[in-house]
Each structure stands twice: as C-alpha cells, then as structure tokens.
4 protein chains.
Amino acid sequence: MSKQMPPAHPFDDDKLHEECGIFGVIGVTDAANFVALGLHALQHRGQEAGGIVCHHPDHGFNHARRFGYVRDNFTKQSLMETLPGPLSIGHVRYSTAGGKAPVIRDVQPFFGEFAMGGAAIAHNGNITNADALRRELIERGSIFQSNSDSECIIHLMARSLQRTIPDRMEDALRRVEGAFSVVAMTRTKLIGVRDPLGVRPLVLGQLGDGWVLSSETCALDIIGAAFVREIEPGEMVVITDKGVESRRPFKPLSPRFCIFEHVYFSRPDSIIGGRSVYETRRQIGIELAREAPVEADIVCPVPDSGTPAAIGYSHESGIPYAMGIIRNQYMGRTFIEPTEQIRNMGVRLKLNVNRALIKDKRVILVDDSVVRGTTSRKIKEMILDAGAKEVHFRIASPPTAWPCFYGVDTPQREKLLAATMSEDEMRDHLAVDSLKFITLDGLYRAVGEASGRNAKCPQYCDACFSGEYPVAPSDQIEKGFELKAAE
Amino acid sequence: MSKQMPPAHPFDDDKLHEECGIFGVIGVTDAANFVALGLHALQHRGQEAGGIVCHHPDHGFNHARRFGYVRDNFTKQSLMETLPGPLSIGHVRYSTAGGKAPVIRDVQPFFGEFAMGGAAIAHNGNITNADALRRELIERGSIFQSNSDSECIIHLMARSLQRTIPDRMEDALRRVEGAFSVVAMTRTKLIGVRDPLGVRPLVLGQLGDGWVLSSETCALDIIGAAFVREIEPGEMVVITDKGVESRRPFKPLSPRFCIFEHVYFSRPDSIIGGRSVYETRRQIGIELAREAPVEADIVCPVPDSGTPAAIGYSHESGIPYAMGIIRNQYMGRTFIEPTEQIRNMGVRLKLNVNRALIKDKRVILVDDSVVRGTTSRKIKEMILDAGAKEVHFRIASPPTAWPCFYGVDTPQREKLLAATMSEDEMRDHLAVDSLKFITLDGLYRAVGEASGRNAKCPQYCDACFSGEYPVAPSDQIEKGFELKAAE
Amino acid sequence: MSKQMPPAHPFDDDKLHEECGIFGVIGVTDAANFVALGLHALQHRGQEAGGIVCHHPDHGFNHARRFGYVRDNFTKQSLMETLPGPLSIGHVRYSTAGGKAPVIRDVQPFFGEFAMGGAAIAHNGNITNADALRRELIERGSIFQSNSDSECIIHLMARSLQRTIPDRMEDALRRVEGAFSVVAMTRTKLIGVRDPLGVRPLVLGQLGDGWVLSSETCALDIIGAAFVREIEPGEMVVITDKGVESRRPFKPLSPRFCIFEHVYFSRPDSIIGGRSVYETRRQIGIELAREAPVEADIVCPVPDSGTPAAIGYSHESGIPYAMGIIRNQYMGRTFIEPTEQIRNMGVRLKLNVNRALIKDKRVILVDDSVVRGTTSRKIKEMILDAGAKEVHFRIASPPTAWPCFYGVDTPQREKLLAATMSEDEMRDHLAVDSLKFITLDGLYRAVGEASGRNAKCPQYCDACFSGEYPVAPSDQIEKGFELKAAE
Amino acid sequence: MSKQMPPAHPFDDDKLHEECGIFGVIGVTDAANFVALGLHALQHRGQEAGGIVCHHPDHGFNHARRFGYVRDNFTKQSLMETLPGPLSIGHVRYSTAGGKAPVIRDVQPFFGEFAMGGAAIAHNGNITNADALRRELIERGSIFQSNSDSECIIHLMARSLQRTIPDRMEDALRRVEGAFSVVAMTRTKLIGVRDPLGVRPLVLGQLGDGWVLSSETCALDIIGAAFVREIEPGEMVVITDKGVESRRPFKPLSPRFCIFEHVYFSRPDSIIGGRSVYETRRQIGIELAREAPVEADIVCPVPDSGTPAAIGYSHESGIPYAMGIIRNQYMGRTFIEPTEQIRNMGVRLKLNVNRALIKDKRVILVDDSVVRGTTSRKIKEMILDAGAKEVHFRIASPPTAWPCFYGVDTPQREKLLAATMSEDEMRDHLAVDSLKFITLDGLYRAVGEASGRNAKCPQYCDACFSGEYPVAPSDQIEKGFELKAAE
C-alpha cells in the first residue's frame, strides 16, 4: 500500500508527524463532497487513510473508509453517490498510537448505534489514559473493534446514563485525559470539542447557511467558507439548523496550544491566532538570523518546509536567497537499488543539488527541525559533493529532545538526536561547519510572545523541546516512561 | 487512468508539454534498474506512460510497458527481475502526435526483429513527414502496430538494404524529417542520434566502465553518472564495450536548439550549454525586471515554474520576494463539484492564496508562460479576492503564438491567446493592472546571446514565438496548416 | 463483485440456499491451512464470502475475511502466512438474514476481546429472536458492528457473569432461540454446539492427534480426517489438548434435523445418519418412480442436482437414463444482451439442450425442487424447442410452500409457486404434460423412515413443506408473518 | 493469473488440449455481443485468453484482448460499448505453439492495415512450416509482433501482390502447411476457410439476416442461430450483405478430420457429421463394453468427460451406472499444502470418492483418455482407499502414443505413457485389476465407419494414436522429431 503512496514531503521519514485532520459540515446539499474537499486540504495532517460518515433523512447513516489519499478515493462519482445528505464529518489519519500495521477497522470516524440513534466521532489528538479506560470497558462487556485509543470515547458514550448524545459526549470526554479536538455528528447535530488545554486546533467557519468545523483554516478556503473563529480550549459547540450553541463541559485551565503546529504541522496558508503560519515561519527565520548569524554567499532552504524561514533569514541577513536543492516533483520511495551502489540513493530519488549554483559557495541551509538527523547528514554530503566551500545548518526549531504523547508520531526518546547530544556534539556528528537551533525564547518571540517563554506557566505546549508535559502521560508512565527530573 | 495520476505541475492543463524523455545505459549489471531511475528523473518530460527494453546474453531481449508513473511501475521487484542484462533503454511519454486515447501499443521503446538480430528504439521529437512515410510503407507490406509517428523509423530500418543495424538506422533517419533525438540498442550496442538541427537535447554520461545517454543531465545525477558532453546536432554515437564511436550521417546545418527547453521543459537542476537551467531562468527574471519594471510591494511566483524568474526579478528590482500563493502538495484533479458552486474550484484543489500576506498589497506575479490564459485569469481572481490592491503579471517568455510540430504538445493555433490578441488586448482580457512578456531579444540575452536574436539565422528554434519553422511541417501543411506570410 | 463469482449451480437464483458452512481444527501445525481446505469443501453452503480466525501462542489471534471464493483468497502464501498457529476456525456464508448489500463487517467468524481473553465464533443457522436481543443489548451499551443476527451471541457472552468462555457461551446460547450450529474458539479450546433440535448439522472428526468440527463429512475427507460422530442435538463439545469434553447446556427436546439437507443442501458425497446423501437422493428417485410412474423414452436430470434422483428413477422404472441437457462448465451470469432478443438467454449461458438426443422423444425431467418455477418453465421451453414430443416433470421434494427461518435463504411466501397453486395449477402454469412431486411420506421413506412421517411428532424439520415450525419465529411474527392456521 | 482461473475440467493438467476456438458474425446489430456469447460457448477450446475485433462504418475497427475467461471480461458494458458495428470476429486460445509464458501480444485475432484497408484473422490449428515462413518474412523486412505461428498469415497477406483481401488470403494460405480453420474479416466481409484436409472444424449458421461462422454448433445454439452446414475441407466462404460466396483455393485432398474432436475436444451437445458428440461418445462406451467386458458391480465415470461413455458401457453391459466419484463444483488448484502431508491433495481439491457407495464393490472406471497417467493413478488410489474390492479401467480412446502438431497441446513424446509402455505394462504401472483401451477399429466403428479404419487411406486424422501424420511436420522434423519408421 505504501508503495502506491509516495510521501509529499521529501523527508517524511525523518520528521515529526501530525496524526490527524478532522472536518465536518452541516446545512448544505451533499455535505460529503465538501468534506472530501476539506480533507484533501488537510491531507498533510494524515496520509495513510481517510474516512467519511454522513447522514441523510431518507437514507440514514452511510460511511466509507479507504487507505490512501483523499484525491484517489473520495473523487469517484460511484463512491460519493453512496454518501448523501446535508450533514457529514470526516477524518484523515497518519497512524494509530499503537503503531501496528494499518487495518481498515482503525480508520475513523467511528460509529455507534445508541438507543436514541446513531452517532459518529472523529478525533485528533491522543488519549493518555486510553489503556486504562479500555481495560475497564472490556471488564464491563464492551467489545472493541479497533486498536485506536479514540474508540474509548464511543464506548464511554454507549454506557453513559445521559439522555442526549451531546450530554453523553460530555460525560465521556470528562473521563478522558490527554489532547483532543473532536468533530462528531448525530442525525441532526454537528458537534465540535477541544480539550481544556486546547492542544490541537479546531476552527469554525460559515458556508452560506451552513456551518463548518475544521482542523485548519486552509480547508475553509478550499470550499470558499468564511472563517468565523477558533473553537476555544475547553469549549463544546453543538450546531443544528437553529445555529451554534456553545457549552463549557470542563473545568477551565490555562491554554497550552501546540507550538509545533506553527513550526511544521500546519499549512503555511492557514491562519492561527490571527497571523498566517507562513508569516510566523518567516519570522522564525528572522529571529534565527539575529540569534545565529554567519558569513556566507547564499541562503538555501531544505525543500519544502524550510522555505519561509530561509526567506526570512535571507531578508534579515541580506545574504541572497537561492534554490540550491531542487525537489523531484515525482518523488518515489522504493526503487530497486542497482548492483553498483548509488550513494544516498534514497535522497536522490527526492531531490538533486543544483551543482552549478552551489560550487565554491559558502552555503547556509535552513531546515525546520532535526529529528533523527539522518537526512540532514545526507543533504550535507550531497552539498559537499557538489563543491560547496562551507555548509552551515540553521534550524527553525529548538532541539527536539522529548517525545510527544498528544497526537504526534515521534520516535522513541533514544532515537531523537537531541535527546543524547548537545548542540556541539550534533554539529560534530553531522560534520558541518556550524549548526544552530533557534532558542525556545526566540521561538516564542517569533510566534508573537514579545517577552519570550513564561517559564512559570508556558503559553504553549512545548513538551517536545522542554520535556514539560502539561498532562501526565499516565499509560506511558505505567509502561516505564520516565519524566524529566525536577530541577 | 488519469484520475490515478494527478499532475505534478498545478497548471498542467494550461502549459506546453514536452512529449518525451529518453534514457539508455550500457556496460553495467542490471542496466534496467538504472534506466528506471533515469526515467524517474525525466518524468517531467512525459507522465502518461513509460517503457523499458533490455538485453541479456542468456535471456535475450525483454521489455515492459506501463501506463502511469515510473515510480508506481518500475519499482516492483517482480517486474524488474524480468528485465535482466547489461544493456537497456527506456522512454517516458506524454502523448502521441495523434492525440487519440492512449493505447499501450503506442508506448515506446519500439522493438523489431531483423535478420541480423533485434533492435529497439526510443524517440523524442516529432517526425514531420510521418504520414507520408506510413502510407508508403503500408503500400510495400509493412504492418504498423501503433499510431505513433516514431514507428516509421523501425519499419524503414527493417526494409533497409544495409547490413548492420547502425547502418540501417542511418539509412532510415535520412528519410525522416523533423526533430528527433533517438536512443536505440541492439544486442551489443547502445546508439544515440540527434537530428541535424539538434532541436531536442541528448547528453552523454559515464558510469564506472559503462556509458549513459539521457535527455537531460539531471538524470545522470540521480544514478551518480558523470556528465561527459552533449551529443552534437547531426551526430550519431555507437557505444560498445570498446568505447564510443562518433558518426556524422547527415549534411551539416546550423543548430537550432529548442529555446523553450530553457524556459520551461527542462528541469532547473539540469545543465544546458554549461549553465544550470535554474540560473538561466533567474537571468530571465533579471532581464524582465529591466525590460518591464513596475512599482509594487511584493514579487510572488506562480508555483512552481515561475519561482526562479521571480527570484531574479526580486533581486534585480529590490522588491521583496514572497510566497503569496501556496501549492497543495497533494494536488487533485477531479473532485465531485458540490451543489453549491465553489468559485475556481479547479484552481483551489491545487493552490491557495496566502490571504494574510496578500491583503492590501501591490503584487507582481511572475509566471513562465501564457498559453490559453485560462489559469492566469483564475489566479488573478483569487489574488484580488484576497484583497490585493494591484496585480501585475510578468511573463518569463514571449507571447506563444504558434504551435510546435517538433515534439511538443501545443493547442491548435486558434486556442493560443497570443495568436489572436496583442499584449494590450491580453492585459484587458485578463483584467490586470499590467501585463508584460519578456521580449524575444531579452530571452536570447538571458540564455547567453549577448547581442540578442540573430534575425537572419536565429541561434535557437523559437517557432512557437516567431512562427519561423526551421523544418517545413509537411504533413501539417498537407492538412491545411498555413505558414506565417513572408514579410 | 458478483460478476467475478458466477454460480457453481446453474439455477442458483431459483433455489433455496443454505446460508453457511462452518469448520474448525485444533492440535495441528498451521491449522488455518486445513480450515481453508475444509471451507473449500463446504463452499456449496455459502459462496458470498469467507473468513478464518486462528490463534498462535506467540502471535495471538489473527484473522482474515474476504468476499469471493475460498480458492481465490485463502490460497495465497502471503495471506496464509499471516494466519499461524495450531487452532483455527472458519466460516463461509451466503448472505445475512437482513438481505442488504454485503459488507465485510458481516463476514464471520466474529471476534470479541473479553476480560479473560479473546474468543471467536462462527454460526450456521438463524436466531429467530435476534431483533429483540439486539434492542436489549443496545439499551445496555453494546455497540454492534454488523447487521448479522449472529453478533448477538458474542455480545451476550461479553456481558455474561460467568468466569470461563465456555460457561459464558452456555449462558449466551440459552438466551438464543432458533436454529444454530456453532463452532467457536478461545486461545486453547475448540468448541462446537448444536441447538436442542439439531436443525443444522455438525460433525466431529479426528486428524492425527488433532480434532476437527465441520458442517459436513465431505470436508473431513478433503483433509484426510477420520469421521468420528455427529455432534448430538443440544450437545456442546469443548476440545483441548486433553481431549473432548461433552456438555449438555439445554433442556432435552426431540430432534428435528432439517430434511432439506438430504434433498439439496448437503453434498452428495457427505454422510448423514450413516448413509451417503447420494444414496438417499437415488432412493428419492426410486420412491418417485413408484409414486408417479409415466410412460416415456428417456429420463433426464436437470443438471446437476437432479442427477442422483434421475439415476434412481431410471433404475426403478427401467426407462433409459440420458443427458438431455448439457451444462456449460464456464457458466456466466451477466453478458450484454444483444439487440436481437435471444430467447431464454439467461438459461442458454448455463446449459444447452442435446437436440439430436431429445428430438421426437417423450422426456422425463427430474429436478430437485421447484421454488419460484421460473427456470422450470424456461427449461421446458428449450426441451420443446428441441423437438421433444412430451415433457414430464418429476420433482424430488414435496411442494415448497413455506419460508425457512432457520438459516436458509427463501423467497417471501408470495413468491413460492407452491404457496399459491395446487399441483395441477402448477402443471398448467408450467404447461407440461405432467408434473408430480414426491409426497412428504415418500420423502420420509426415502430418508429411511420406513413408516413415513410421524404426524404427531415429525422426525425432521419439514416446515418449508408442511408449514409446521418447530420453533416459533418470534421476530417474524412481530413483523406480521402469519403462521399456518391450526387444522 | 492462473490462480484466478481454476480449470473447468478436474484433470485439465493430464489431458490433451484443443488450442483454439473461433467465431464470427456479420449482418447483425452490435455483432461483438454475439461473438462474446459464441466464444463463451467455445470456452472449453481455450481458457487462457480471448480477443474480439469488430468494425463499424463510422467508428472503424476496434478490438479488445484479455487474459482470462470470456465471462469475466467480455460481459462488461464499459468494454462492450467500445466494440460497435455489424461485423465481428473472435478467438479463444489455450496457448501458443511456442509454449512460452503468455503475453497479450500473442492473443488473436491479429489485425493488419493494408493499402486497401484493414483485415483481422483468427486461426484454429497449427502451421507446421511457420518457422521457415517467419525467417523468410523477416529477411524481407516484416516486423513480427507476436510469437504465434498464426501471425505469418497476416504478413503473407500484407506482401501479396493481389488486389483484394480475399485474394491475398488465398495467396497467403497456399504458402501455409498444416491444419487451419480461419475466420477473418475486412470492413465488409466475413471470411471462413478450412485447410484441404479439414483437420479442424468450422460450421456455418444463419441468424435472421446475418451469418455466423463457428468452430462448433453449440455456439450457434447459444445465440439461437440455425445450423446451415459445415464448411467443407479446402473451402473458403466470403460472406457479405449479398450472401455467401464459396471458393476452392486449394488442390482437393481426401479429408482427414481430427478424430479426437469426437473423443474429447468438442462439447457433447455439438453436432458433427449429423450426430451429437454425446451420442458418439455413448456409442464408444457400447463398443468398449463389447470389446472389453468384465464382471463388476457398478460402472462409474471419471467426471466429467467419461460420463457419456460410462452410460453407454452400463447400457450395453447391464451393470448399474453410479456416481462413485463426486466432483467439487468449486475446483481449486493451488491451496497451501498443510504441514501434515495430505495424500493426493491435488486430486482431493477437485473430487471426492463416494465412500459409502464404493465400499466392497468391484468398480469399472470409464475415462476418456490416458495421457501421462498421473491422475489415473491417483484416482485408483482414492477408490481403493475407499474400500473398493476391484478396480477396472476402461478407456474411451486408443493409447495416445504420438504428439499432435495440428493445433493440440500434447506433451513431448517421452511423457506419453503409451509411447513407452504396452497395455499390460500400463496396467501394472497403474496397479489396477484390468485396463483396456478401445481399439482404433472400435473407435472408427463408434464414429460411424461400420467397417472400421481404412488402413490404406484413413478416414480421419488419428496421428496421436497411429503416428501416421497426414501433413509432414516440417518445422519439427528440422528440430529433430523422428517420424514412425515405415513398417
């Protein structure tokens, strides 16, 4: 399956991955077509599989789940005709928390038939006490169909004593720990929820008389919906043909939005907190040029995610911006390696160095992050092979030293380069002339916090950089994960 | 089929298309694996289908032809194992001259069994007297298997009275008019030819003890081969384990390399005439800034092909470079259009405007060419919708007013915007604040001809801009095509 | 899907259908391979889909479900390698009680994870109070994944207060009404159950040190297992590596085995009650010749299921047996009907009359049953077209006048020819020279009840002929089905 | 591919195979639909692949070739809509003379574009001088596309100096040696030819105002066409909308129709020489009972092809006919063999012994032929395992001791059991109580030659039994095949 789905990002296998995108529409004809478009715009948040559920007064609930890209599945007339009705939600996903081989049963939205009617939910985030909840539910006679942590929510709803589905959902989500943005639907309601910390994004849009919920604003743009506002941390909205009702099911907490959404996950044309992500990333480049200047001839982005920061770095430093690395538009993953060994073949399938440009130059390479460091090393080699005089890495995020347990696929701690090495050790390991990461304070400034990070109560979730987890990852701790020692 | 193969370029349907890429290797183990990699690097020259032929002393000739991307077909162990041997050639193609529905029989390389053994050929270009040749050959008893103009070559070879395959190939190609670069193979020889004008590219590379022929240098890079030289216009090379023999089968003519290879067809990391295509395109942007300056706030490329010229324009003009238009990495082509009309849905599937950046700005949009003008119009609308104050188009090629008959897929003349409108009329038609094309002289300067175009004997084939065809398109003239009136 | 699976029986669409076959093995290496073979031998009991679950001490439970024939799915090395372990059960099915479009979620075996470990069940039969049970379970918080009546069993097990899985299964099955033979497994146990009436078959076999449960003995033969005995009505066997434990979870009742298994469902090489089904069917032909003799030239079977009874009829009557109708081995279902109407095209795709043989003959046609009568009519027409002088139908079962609610797919009562017509009316409707069904008493004699049917307490379930239902079909009655009026 | 196409005959791999069936229709709307039906009825003559060519005045020639069964390919609306027009021919094939892996290029009909228009041909038989012809044609500049001997015909036609296609076809076929029945078409003509010996069958039918050519009459029946007559040996018919023109292109010879068509190849409901093939086979059984009587309890056919002869044997001998071997309707070929060895698993997938019937009986098994003898041996073992007291084989054809070079797939001579053993040695090899083949004279009597075989000038081609080849197999002789020594 994966052979058929080459990654859209060239270094997909050495990046952190957002695990899900969610989208829902109410009050329009053939809502599932809009959901398909919305999921297409959110494809960068999950490429493994997608699912759509919809409801039509005459035809009831219908659904479809497919492995592969939205554009390859939810574009077929024959399939979309099976998904009628004015109310629909959808989900794209990268992989389960379990990390096992993908099975179609794990693809959301999940559906449950309750005594008062059916409901479907789509979840972005990760439930940190899912193992404990699952054990308890099985004890009581629930039969799980998937390996997904998200399935707990629908079983908790099935067993709730409340009378309406939104009430049952409140009931269920109060048992759940971790990070979650949820889009759900009944026969007549579209529901959106964000956890009390608001770790994962969720926005509200308007489309004619209808309403839209989406992980990012870029998916509002594709269907021409107007951006209304972000769903607030800890808020539940229940949308019917009478309008949007706002509820507050949880005890209030200080918000901790995921700062990595700014750095890498979200699309550059999405708007978070009133500013385009592109502009924030350009700002990161500017901060980086201030924090870590170096003499050089050209500033080159590592395509494609390093581009805005490289533009910012070039602008601030005055060093010319240039495309020293050209991406192959038709990336592949799995060619047969010929007998004569090709050096760095995996990288060559994805990009090529612009040799005539690089030769004899001092090159600043701007990348968004360093995870395992494997591709950074290969790119450096290709740049040197092409005759560069010096190579300086500038990284648009602080060292990634801790795994994320809130819906992002990270390697185990040991695999993170920054978990075991200092910045200097990493520079030597990569064998480059210099290597600099933006500081955590610099990053906070770039996202708009003029005075940097509030160490007492950080404005964002930055656990992957700081090791400070705003919600204790209880399943992981039970399995032996060690939190950062108190200082 | 096309549903499964979304274009890698967002405005694929409003561009001129190179019709083919060719590649061949001799003297390495499992040559077909290298050919697969080479074709992958040449995929931008033809996305519809690909084919590989190879020869092994024990297993004879083998071949495979497939619709779709190289990465989706020629990466499977089970297929590649059927393609053994040290000698192999391959072909990627966009479509036949015929323009009919694609059939696998039309996919090259073509193979023929001759009395002295088999031979296979792969052709980039177009034979302008193919119809007449086909009629003649059928009269004599040849049975054609494809609709391709290229098949004439192999039938002419089959009927040649010469004794060796290279001699038969010379014989055949002297009957052929038009533009052609050919890579061919026998059981022991790899052969490369360019027509006397050298319209289409072909380069020679070296890989250990083996040799490589390729449409572009970027495909040498992917397999780690060293670039040796370009095959010269009118040259035939016959490569065996004894080395490279150079022949001159044709009467010498002044070369007329296709200038559009610089503008759009070739990959930016390929090297033509000693300079990277990226650098040439950046130079076009510099020329364009000199020829057609305008006051504005930002310079934005139309992604992705306008990028190098936009960088050049920004550099020369001092106006900041910015990504005002963001491309969707997971482009789709054929979503079901929801009932409520989405304005410019086709464009939205491919890109999104960076609204926060564009708002209230005077924007220069740099694009590589205007063919039908349909997408230029849609992009302009999206930019204005996002709140731009002014929109200025700058085009990195002269007005495309004439069809190409030398291996490029162009619309009929009536469909070319520049065939029926002046520059001012086009500006009004597109309803933009200004529209400027680089001049033909400016383009010649950018590609390195300091004194511009030699009107008496142009240094390049620029028929698509000038209407001056270096080889009379005789089949087309017979069908009623009217040449430009002599001035 | 159905295009890919032409029926193995030519008149599949005018027959009653067994809905399921079940099979299980314990105590052999790679048990799933044996299950695949067993299901292949039981394919006549269900062609729509098949599923296998297995357990391996190191790899846990694994499963696969597929639409289509066993031979097309469970023969692939790559699939079968995912199904390791010494314990496995499987299921082939025709369709759900619901009669909706097939969905893979409905394909058995069903699996549930309980507090004490996982269990899987495969069910042959039909639960007549499934609707009521489902409503009750949903009220209590169970989430159903399929439309299958059989899923009730696993949810009842999940909620049982018993401590072991066999005990939970007893608990669950005591709540269930209707006909059921069940094969189930835990990590260490293979379990078989028949309902108290023993409506559906289930037999026990031995294979080396291992044990086998199967719907029919023909599936023991294919793997070389020895037939041990039939599981008794109302019996549960729990098989471990220590041997076979027999339990009696239900109150004892007089057995009512389905008499139609003898007539049509079971394979002719299976053994029921110590006699081969082939021999029983031949005996039916003998009884029929005694009850309904007629002067004629040849006795022809309607292929293939009428063959044994035709041989018996020929033997008893002395009228020569002949193949007047030849079956096409490559049956198709869905050719495009050419413009010129072909009479009886559907039938012609499946068989052809042996015209030279039939011409001018008085023909006795022996068929197993008449359901809607549609194909009987077409066959008669083809026989007359071929020049037969007389056509006499002899049917190896009594008139089918009542639907089955115990695991057989029957048309609604109104569609059954015998529900609305007398034997003479059917003869006139089919326009044949004579039409005779075997009597119910004759059928009982043929299956070995020398004195015929015991009207007070019939030895078999013959509801489809007599309208006497041994278990009240409560869901159906609630939906409006009217039982036969008491006489 | 073969996994998807289980054989319709259980012992397909130990049988001789007809290599082709051909069919053509003119003068009806959407002729290709009729051709699809005809090919379906001829599927027993070739299961590997099928092809259809058709012509429509507005849409020209169209074609489709597919691996697999007709019912799985030529039943799709989307495909059949691409095949319009009143004139169409088709072909089903088993394999090429070459015996290499199947390639779609080898699938007939073959098409050629000539100066006077296109033509397509479909060939049943084998050209015994194809190698020599191919060498000659390549010398002259023809390019072959397939490995098929039949392609010679279309190249010979392309080079003929004649002016019309039928004249070119006469010209071409006079150069061809061997056995051939050909159906061909131009834009307006349907053409049928049989070689001068008439080795392969070809019949003419009428369908309303249209005409039909078919390998066998059973394919006329499926479309409701009336049988008109057999095409005569050495006859060519040219059919247009003006009617049927008969030509005689060859020097007359005594006919030698293939006697094995009676024994096995043709369908039992086809009519050859005025008698149904079923009746001829029954007559073979009668002759066999006279020639080789034995005391026994039951006569059992080896399904399915032994059935008519078994009925005849039973009738003549008075020994009851019984189905001792039951065929699995869902035959498979490639299940994974479980670790514990299953004896004769390959056979068990296809059939099962009716144990209760066979036990303690003396059994006569009637089979159509013995080729390698491998399955005869396995069947005997299964019968003995089931407890038979004696096993007597009676074979409905003489010993098959010589390969066929006229369009039948036979093993090499060494692999034919009868090529190396006498009848007694074969009996001992198979370890049965008795083994008797019908004599060649007996076979001739059964097909209607009352006085048996005319040794001077045999009425049929019986080379596979007698080693007397009516046309010298010249390509084979050149490769070293040794003819039977003159006696």
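Backbone N, Cα and C define each Cβ position, glycine as well.
If you look up TrEMBL, you'll see B:20-242 marked as domain 'Glutamine amidotransferase type-2'.
The DSSP secondary structure for B:CYS20 (active site, nucleophile) is strand. In sequence order, B:ARG45, B:GLY46, B:HIS91, B:VAL92, B:ARG93, B:TYR94, B:GLN108, B:ALA122, B:HIS123, B:ASN124, B:GLY125, B:SER215, B:GLY407 make up the list of same-chain residues 6 or more apart from B:CYS20 (active site, nucleophile) whose Cβ falls under 8 Å from its Cβ. Per TrEMBL, the feature active site, nucleophile maps to B:CYS20.
Annotation comment: TrEMBL describes B:CYS258, B:CYS404, B:CYS461, B:CYS464 as [4Fe-4S] cluster binding site. Counting only same-chain residues at least 6 apart in sequence, those with a Cβ under 8 Å from the Cβ of B:CYS258 ([4Fe-4S] cluster binding site) are B:ALA179, B:VAL199, B:ARG200, B:PRO201, B:PHE265, B:TYR406, B:VAL408, B:TYR460, B:CYS461.
Secondary structure from DSSP puts B:ASP368 (Mg(2+) binding site) in coil. The Mg(2+) binding site feature in TrEMBL is assigned to B:SER305, B:ASP367, B:ASP368.
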Please work out which residue of B:CYS404, B:CYS461 has the most C-beta neighbours within 10 angstroms of its C-beta, and give that one of the binding-site residues.
B:CYS461
Beyond the site residues B:CYS258, B:CYS404, B:CYS461, B:CYS464: chain residues whose C-beta lies within 8 Å of the centroid, for [4Fe-4S] cluster
B:VAL199, B:ILE259, B:PHE260, B:TYR406, B:VAL408, B:ASP462, B:ALA463
Residue pair B:CYS404 ([4Fe-4S] cluster binding site), B:ASP368 (Mg(2+) binding site) - Cα distance, angstrom, rounded
17
Note: among binding-site residues B:ASP367, B:ASP368, least Cβ-dense neighbourhood at 10 Å is B:ASP367
Near the Cβ of B:SER305 (Mg(2+) binding site), how many other Cβ atoms are there if near means within 10 Å?
21
Just to verify a number: CA distance, B:ASP368 (Mg(2+) binding site) to B:CYS464 ([4Fe-4S] cluster binding site), in angstrom, no decimals.
14
Suppose the Mg(2+) site is B:SER305, B:ASP367, B:ASP368. Which further residues of the same chain have a Cβ inside 8 angstroms of that site's Cβ centroid?
B:TYR264, B:PRO301, B:VAL302, B:GLY306, B:ALA309, B:VAL366, B:SER369, B:ILE395, B:ALA396
Is it possible to get the count of other C-beta atoms within 10 angstroms of the C-beta of B:CYS464 ([4Fe-4S] cluster binding site)?
28
What is the separation, in Å, between the Cα atoms of B:CYS464 ([4Fe-4S] cluster binding site) and B:ASP367 (Mg(2+) binding site)?
17
Mapped DSSP class for B:CYS464 ([4Fe-4S] cluster binding site), helix or strand or coil:
helix
Mean pLDDT across the domain 'Glutamine amidotransferase type-2' (B:20-242) comes out at 94
